[in-house]
Amino acid sequence: MSKPKVGINGFGRIGRLVLRAAVEKDTVDVVAVNDPFINIDYMVYMFKYDSTHGRFKGSVSAEGGKLIVTNGKTTHHISVHNSKDPAEIPWGVDGAEYVVESTGVFTTTDKASAHLKGGAKKVIISAPSADAPMFVMGVNNDMYDKANNHIISNASCTTNCLAPLAKVIHDKFGIIEGLMTTVHATTATQKTVDGPSGKLWRDGRGAGQNIIPASTGAAKAVGKVIPGLNGKLTGMANRVPTPDVSVVDLTCRLQKGATMDEIKAAVKEAANGPMKGILEYTEDQVVSTDFTGDTHSSIFDSLACISLNPNFVKLIAWYDNEYGYSNRVVDLISYIASR
């Protein structure tokens, strides 16, 4: 079977790392990139050098109006466009059937469907969506309906971390209710120094100077991908001055009491079985930078978890909110292409 042909709209943090993941995994063929604000020479530079993930381990160049990206094993010849209107991007001409919508702007079904006018067959939004169906690999991807799901969402990086863990715990022990906190790395929407920020004044404070309490819909979104948890989870974020890697703290009440050893055994079994590659299990004394570049959605930290009693537990899981998530975008494309 030929590799799915992919277009990327928006060459920001996620757009560039989806391309890196695509080259590394060699399961999809990226044939086009669109970004109205970045010309091709600047794309070469931004893809080659990355302050968080280091230099690209391969070569990238601009030749004849195309990005040529290779890691020695596979070469991607990528058409470059600079259109502001998604409907005007000629995905069909480039052969891009699957479009990654990673601008952060076109996150509704209506807005993202503009890509279909240019010849795309499916659109994968790399963010939560108000109305597009959300799929989390390892959790509910089997609910994908090829005939009807043309605009889909890969949910958020935090939902991708929380949902696999919540599924394992809920399936085995039953979650009555839970609160999630993500200690989350800085992202591009934050300010380097204090500045204006609409109604959410705290969000406008300097990212490098503060721990900033913030909202997140990640926990509630788990209820959309695991219907049995709908209305049982909510959460918040604390934004911290680190460039990448975040950590989820899920504090929940269990229906069926369990020792921490029983919980660890259940997670380890899933990590080595049905969720291999999605969920990871560690018994090492790790810190955040140990997971920069980790491709898993969720890494369960067995040493950091605690319980008050068999029915009330705090569970900890790490995630590279950039690269782990970008790998799932590529995996989701591979999955829907195989249906």
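For all residues, glycine too, the Cβ spot is worked out from N, Cα and C.
The NAD(+) binding site annotation in Swiss-Prot covers Arg13, Ile14, Asp35, Lys84, Asn321 and is backed by similarity to another entry. According to DSSP, Lys84 (NAD(+) binding site) is assigned to coil rather than to any helix or strand.
Classification of Arg239 (D-glyceraldehyde 3-phosphate binding site) by DSSP places it within a strand. In sequence order, His184, Ala185, Thr186, Thr187, Gln190, Ala207, Asn210, Ile211, Ile212, Pro213, Ala214 make up the list of same-chain residues 6 or more apart from Arg239 (D-glyceraldehyde 3-phosphate binding site) whose Cβ falls under 8 Å from its Cβ. The D-glyceraldehyde 3-phosphate binding site feature in Swiss-Prot is assigned to Ser156, Cys157, Thr158, Thr187, Thr216, Gly217, Arg239; the stated evidence is similarity to another entry.
According to Swiss-Prot, the active site, nucleophile annotation covers Cys157, on the basis of sequence analysis. In the three-state DSSP scheme, Cys157 (D-glyceraldehyde 3-phosphate binding site) is classed as helix.
A 10 Å cutoff on Cβ-Cβ distances gives His184 (site 'Activates thiol group during catalysis') a total of 24 other Cβ atoms nearby, all chains included. DSSP assigns His184 (site 'Activates thiol group during catalysis') to a strand. The feature site 'Activates thiol group during catalysis' is assigned by Swiss-Prot to His184, with similarity to another entry given as support.
Put simply, Asn321 (NAD(+) binding site) is 7 Å from Thr158 (D-glyceraldehyde 3-phosphate binding site) when counted between their Cα atoms. Take the mean position of the Cβ atoms of Ser156, Cys157, Thr158, Thr187, Thr216, Gly217, Arg239, the recorded D-glyceraldehyde 3-phosphate site; other residues of that chain with a Cβ within 8 Å of it are Thr182, His184, Ala218, Ala237, Ser246, Asn321.
Site extent for NAD(+): the farthest pair of Cα atoms among Arg13, Ile14, Asp35, Lys84, Asn321 sits 27 Å apart. Around Asp35 (NAD(+) binding site), the same-chain residues at least 6 positions away in sequence with a Cβ under 8 Å from its Cβ are Asn9, Gly10, Phe11, Gly12, Gly15, Met43, Asn82.
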